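Below you'll find the structure, written out as structure tokens, and then a few comments.
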Amino acid sequence: SAQLRQNFYANSCSNVEAIVRGEVAKKFSQTFVTVPATLRLFFHDCFVQGCDASVMIASTGSNKAEKDHPDNLSLAGDGFDTVIKAKAAVDAVPSCRNKVSCADILALATRDVIAMSGGPSYAVELGRLDGLSSTAASVNGKLPHPTFNLNQLNSLFAANGLSQTDMIALSAAHTLGFSHCDKFSNRIYNFSRQNAVDPTLNKDYATQLQQMCPRNVDPRIAINMDPNTPRTFDNVYFQNLQKGQGLFTSDQVLFTDTRSRPTVDAWASNSQAFNQAFITAMTKLGRVGVKTGRNGNIRRNCAAFN
């Protein structure tokens with residue numbers, strides 16, 4: 001098993017955390033998209049072949065990489081850019097050059113964007129190596145879809161060693177960032193034979209979504225996932241679910257399903273309890289499928305194998 005530990009680089013690159021945080025802060029000051037983009041990149045990386053930065057590899061003529069799978073095409077470039085800039089800054093320090101993996105830099109940058117947007121800060125375990133393979137085919141069936149119900153969400157997370165509580169905590173990443181109309185249009189136009197609009201959607205919210213996403217809307221139009229505090233990492237996500245303002249079926253089901261509703265209710269009224277659960281879930285997520293020894297290396301360029 002992987003030997004992750006908080007002070008992994010104490011002897012080889014002792015100020016790695018400060019270097020990464022400085023670059024993330026620069027990027028954050030340029031565009032807020034840095035926050036949801038980096039957080040989502042980390043999740044999409046860890047759920048496919050583990051947290052090994054395989055999602056960052058660019059496709060070549062002979063290999064279609066993870067990032068070009070349909071489920072990853074909506075990953076915003078700012079997440080990739082954040083890691084690449086932080087990696088360059090780390091490698092610019094002679095004692096750190098080629099000592100820190102892209103996978104670890106992504107894990108650190110993720111913690112930093114959460115803290116910069118009002119969320120909790122936490123200690124990050126380090127010592128991951130970068131993966132040696134990245135294929136679009138490996139993404140199939142590994143990432144949650146916006147239409148998933150609770151059973152589908154639970155089984156996908158369980159496959160990565162994460163509990164229902166972890167899954168609900170990580171879903172709150174949707175307190176930040178945006179989605180595109182085509183990801184939820186089924187809920188506001190053609191939900192079922194009986195109901196054009198998903199009955200679990202708050203009626204005013206549904207009308208608002210229809211105004212922002214008319215039927216033949218440009219698919220690039222983006223909608224905030226949290227209609228109330230879209231730039232703050234907070235527990236308002238859970239308060240929104242109580243009001244029927246979950247953007248995806250996979251969000252709203254956390255409240256409509258009686259098995260998960262008590263957790264939603266608890267965290268909607270207690271941000272401290274939610275923050276603690278989120279830290280626990282992120283730490284567990286960061287341990288998924290970690291590469292060590294011959295199963296990985298430290299990439300010189302995060303987007304290409306050595």
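Backbone N, Cα and C define each Cβ position, glycine as well.
Applying an 8 A CB threshold to same-chain residues 6+ apart, the list for His44 (active site, proton acceptor) reads Val55, Asp71, Asn72, Leu75, Leu143. Per TrEMBL, the feature active site, proton acceptor maps to His44.
Taken from TrEMBL, the feature Ca(2+) 1 binding site applies to Asp45, Val48, Gly50, Asp52, Ser54, Glu66.
If you look up TrEMBL, you'll see Pro144 marked as substrate binding site. The local packing around Pro144 (substrate binding site), expressed as other Cβ atoms within 10 Å of its Cβ over all shown chains, amounts to 18.
Sequence annotations record features per position, and here TrEMBL assigns heme b binding site to His174.
All protein chains included, Thr229 (Ca(2+) 2 binding site) registers 18 other Cβ atoms within 10 Å of its own Cβ. What TrEMBL lists as Ca(2+) 2 binding site is Thr175, Asp226, Thr229, Asp234.
Sequence-distant contacts (6 or more apart, same chain, Cβ under 8 Å) of Cys96 (disulfide bond) comprise Tyr9, Ser12, Cys13, Val16, Ile19, Val90. For Cys13-Cys96 (among others), the entry in TrEMBL reads disulfide bond.
The disulfide bond annotation in TrEMBL covers Cys46-Cys51 (among others). Around Cys46 (disulfide bond), the same-chain residues at least 6 positions away in sequence with a Cβ under 8 Å from its Cβ are Asn160, Leu285, Gly286, Val288, Gly289.
The disulfide bond annotation in TrEMBL covers Cys102-Cys302 (among others). Within the same chain, residues at least 6 positions away in sequence whose Cβ sits under 8 Å from that of Cys302 (disulfide bond) are Ala53, Met56, Phe80, Val83, Ile84, Lys87, Cys102, Ile105, Asp130.
There are 20 other CB atoms within 10 A of the CB of Cys181 (disulfide bond), with all protein chains counted. Annotated disulfide bond per TrEMBL: Cys181-Cys213 (among others), in sequence order.
The average pLDDT computed for the domain 'Plant heme peroxidase family profile' (3-306) is 97. Under the heading domain 'Plant heme peroxidase family profile', TrEMBL lists 3-306.
The annotation site 'Transition state stabilizer' is assigned in TrEMBL to Arg40. Long-range C-beta contacts of Arg40 (site 'Transition state stabilizer'), restricted to its own chain and to partners at least six residues apart, with a cutoff below 8 Å, comprise Leu75, Ala76, Gly79, Ala173, Gly177.
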Count of other CB atoms lying within 10 Å of the CB belonging to Gly50 (Ca(2+) 1 binding site): 22
Cβ-based neighbourhood (8 Å from the centroid) of the Ca(2+) 1 site, residues Asp45, Val48, Gly50, Asp52, Ser54, Glu66 excluded: His44, Cys46, Phe47, Gln49, Cys51, Ala53, Val55, Gly131, Ser134, Ser138, Gly289
Ca(2+) 2 site, defined by Thr175, Asp226, Thr229, Asp234: further same-chain residues with Cβ within 8 Å of the Cβ centre: Leu176, Asn228, Pro230, Arg231, Thr232, Phe233, Asn235, Val236, Tyr237, Asn240
Which same-chain residues, if any, lie at least 6 apart from Cys213 (disulfide bond) yet have Cβ under 8 Å of it: Cys181, Phe184, Ser185, Ile188, Ile221, Ile223
Nearest-integer angstrom distance between the alpha carbons (Cα) of Asp226 (Ca(2+) 2 binding site) and Asp45 (Ca(2+) 1 binding site): 23
Spatial neighbour of Thr175 (Ca(2+) 2 binding site) that is closest, considering only the binding-site residues Val48, Asp52, Glu66 and their CA atoms: Val48
